[in-house]
Amino acid sequence: MATDTDTATDRRTRPRLASLADGRLFSLCLGSSLLVLASLLVQVSFGTYSMSIAEAWGAVLDPLVWTNPQVLLRFLFGEGLGNAVAGALGLSTAAVDLPTATNIVWNIRLPRVLVAVFVGMALAVSGAIFQAVTRNELASPFILGVSSGAGLTVLLTLVVFSGFALVVPFTAGSVVLSATALLPLTAALGGAVAFGIVYAIAWKGGTSPVRLVLAGVIVSTVFQSLQTALFTFASDIGVVQQALAWTTGSLTGVAWPEVRIALPGTVLAVVLALALARQLNVLLLGESTARSLGMPVERMRFALSAVAILAAASAIAVAGIVSFVGLIVPHVVRNVVGSDYTKLVVGCLFVGPALLCAADVGARLFFEVAFGQPQQLHVGIVTGLVGGPYFLYLMRRQDEMGEL
Amino acid sequence: MSRNDGEREDTPDGGEAGRDAVAPDTGTDDTQWSAPSHDESAGSAVVGEGLAIGYPSTEEPVVECERIDVPDGEITALVGPNGSGKSTLLKSLARELAPERGNVILNGRAIEERSSKELARELGHLSQEHDSPSTLTVEDLCYHGRYPYRGLFDSLSAEDDAAVERAMSLAGVEHIADSELGQLSGGQRQLAWIAMVLAQETDVLLLDEPTTFLDLHHQLRVLETLRQLNADEGVTVCVVLHDIAQAARFADYLVALRDGEPYDWGPPREVVTEELLADVFRVDAAVRYTPEPEVIPRYALGERDEPGTDGAETDDADDDGGRPGDRPDAG
C-alpha cells in the first residue's frame, strides 16, 4: 500500500506541477505580455505633448522616480496616503521635483496603460466566471445585466448625485469620499442588484443557464432604457458627454486615481477566481454531477457570481461599459488552453490586458495618426469593432461552438 | 440439481405473491433473497419508504412506491420499460430529486441528515447524462471524484492520489489517464466517469444506465468493473439497466418497475419470467435457465392487451409450458 501511495504521488507531482507549465498557455501569456509592452511603448511615446521615443523611455526609467520610493507610493496611494505609507515604512517623504517629460509620462500616459491592464483582467475574469456559472458560452457581465446595472448606478452618481459626499472619520482627521471615489462601490451595488433581479426572474426551484441568459437580456434592456432616460436630466452637454463615455466605455483621461479605484477589487477578484478555479471546473461537469460530488451548487453559483460582479464592477467604475472583452477573451483563451479554469483564468489575466491595451492604442491615437487631429475614440467602440468580427470568425471556425 | 429443482418449485409461488401484494411480508417463506432484505432495513443499504416522486412540471407523481430496498453488499438492478420511473426513483434514492412524500434511508439514517459532502462520501451517483468538457483529461476527471474529501482551498493529499490511482486501475483506464475526454470513444468515456465515481470511495453506488449507448465490449467492461468492486470490496451497487437479459445475468437482485410502481422484486430467477416480460415489457419472450438466465425476445405485444391471454397463447405455442418453474428442466 505504501509503495502504491508513493508511485501515485510520483505520478501526480509531474502533471500537477506541469498543469500550469503548459506550452500553449506559456506562449499565449508571453505573446500577450509582448503586446501589452508594445502598447505601453506606443502609449508613452506618442501624444499631444511631443517627445522623442528616447525621451519618453528616459522618462519611464527616470531614476528620480525609481530611486525615491515615496514618489512611487504617492502615485499608487495618492498624496496623503502615499506619504503616510512611506512614513510608516520609515522612508523619506521629501518632495521630489520631476522634469516635465517625466511628469507627463508618469501622471498621464503610464497610468492609463495600467488602468487598461486592470480593466482587461477584471472583465476577462468576470466573463470567464459567468460563462462557467451559467454554463453558457454567450454569458458575460454584459449579457447578464451586470454591466447595465452597474452602468445605471454610475450614471445616477454622475448625473443626479454628483454633489453628494460621504465623510468618514479616520484616525488622522477624516477622509471625505466624494461620489466619484465611491464609484466602484455604487457600481458593484448596481451590478449586484441587477444580477439579483436576473437571478430572481430566472429562479424556478433552481436556475438554468438558458433562463439566466433570458432574464439577463430582459433586465439589461430595461436598465439600458433607464440609462438613456437619464440623459434627459443631464444639466449640460459636458455631463452628457461624460455619461456617453461611461456607457460606451472609455479610458480617456484616466490616471492614478482610477488605478487606485480599480486595483483592490480586481486583485481580490483575481485571487478568488484562481482559488476557486477547481469549483468552476466541477461546475463544468454539469449540475447533477456537481451536486452528486457534494457541491452546494446554488450557493457556489451565487458566491462565484459575487466574485464576477466584483470584478466587473471594478472595471466599470473606471472605464464604463467596455463591450465584448468579457465575452471574447475567455473564448480566445479556451480555444488555446482548453477548458481547465486554472489555466483559463491565468490566460485571461494576460489576454484581457493585451486586448484592452491594444484597443486603447487605437482609440487614443487613430485620429491623431490618421488625420492629425487630437480627438480620441472611446475604447469601447474599438473593442466592439474588433470583437464583433472576431466572434463571428470564431463561430464560423468552430463547429462545436455552443457547448462549453 | 435436485436441490435446485426443489428451489425452483417454490419460486413461482414467491414470485407470484410478491407481484400481487406490494406488502413485503407475503409469500417469502424460504426464498433466501427477498426475505431478509425486505423485512429488515438493517440488511438494506438504501431503503425508500412510502415514496411519491414527481417533477415540478408534472401534476401526478411519476413514481409511487410503498417500499424499495437496495440490499447491502449486493448488486441490485432496476429494470423496466421506458418511462417506468427507473431513473426518477434512482434520483430520489440519491437525493438528487426530493420526493413529494416518503423517506429515503441510507445506512440506517435518513438521507437528509447529511451535509452534501457527507452524502457524497457515502453514496456515489452517476447520472445518465453528464457533460464532459472535451479537453478534460481522464485523470483530472477522476480527481474531481475527490471533491467531497477536500475543503474549499485544500490541495491534494496522498490519500487522494491513492484513491484516484486505485479507481483508475479498477475501471481499467490507467492507460488513457492523460487522454482528453473529447478524444475517447463513448465506452472509454463512460469508464472514465465510472472511475470518477469510484474515486469517491463510497460504500453505495447508484448508476443510471451506465451501459446504454455502449458497444458490447464496453457494456461488459462496465458491468465487470461493478461486479469486481462488489465482490472485492463489498460495495453495494444499484444500477438502472435497459437490457433485462443483461440485468438477469448480472444482478443479484432485481426490481422491476411498471408505470411508476414496483411490479416485482427478488433474485433474477424469481423475477425474470415470461409473464413479467409480457406484463411489464410488453414482449413475448422465452426465458430459460441453462443455468445462466437467457431471455429470448420474440415479438412485441399489442399495447395493453389482456396479459393473461397473451400468457396463455405463449404457453400453447411453446412446448415448455407456461409455468416459469418448469422451464429450466428443458435446458
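Glycine is treated like the rest: Cβ placed from N, Cα and C.
Residues annotated as transmembrane segment in TrEMBL: A:21-42 (among others).
Taken from TrEMBL, the feature transmembrane segment applies to A:113-130 (among others). Only residues 6 or more beyond the boundaries of the transmembrane segment (A:113-130), in the same chain, are considered here, and those with a CB under 8 A from a CB of the stretch are 36, 39-40, 43-44, 139-141, 143-144, 146, 251, 254, 258-259, 262-263, 265-266, 269-270, 273, 280, 304-305, 307-309, 311-312, 314-315, 318-319, 322, 325-327, 329-330, 333, 341, 344-345, 348-349, 351-357, 360, 379.
The transmembrane segment annotation in TrEMBL covers A:142-168 (among others).
According to TrEMBL, the transmembrane segment annotation covers A:174-200 (among others).
The transmembrane segment annotation in TrEMBL covers A:212-234 (among others).
Feature annotation from TrEMBL assigns transmembrane segment to A:261-281 (among others).
Annotation source TrEMBL lists transmembrane segment at A:302-329 (among others).
Residues 19-20, 22, 25, 28-29, 31-33, 35-36, 39-40, 42-43, 46, 112-113, 116-125, 127-128, 132, 250-252, 270, 273-274, 277-278, 280-281, 284, 322, 325, 328-330, 332-334, 376-379, 381-383, 386 of the same chain lie 6 or more positions beyond the ends of the transmembrane segment (A:341-365) yet place their CB under 8 Å from a CB of it. Among the features that TrEMBL reports, transmembrane segment is placed at A:341-365 (among others).
Marked as transmembrane segment by TrEMBL: A:377-395 (among others). Sequence-distant contacts of the transmembrane segment (A:377-395) (same chain, six or more residues past either end, CB-CB distance under 8 Å): 116, 244-245, 248-252, 319-325, 327-328, 331-332, 335, 355-356, 359-360, 362-364, 366-367, 401.
Stretch with the largest number of CB pairs closer than 8 A to the transmembrane segment (A:302-329), among A:21-42, A:212-234, A:261-281: A:261-281.
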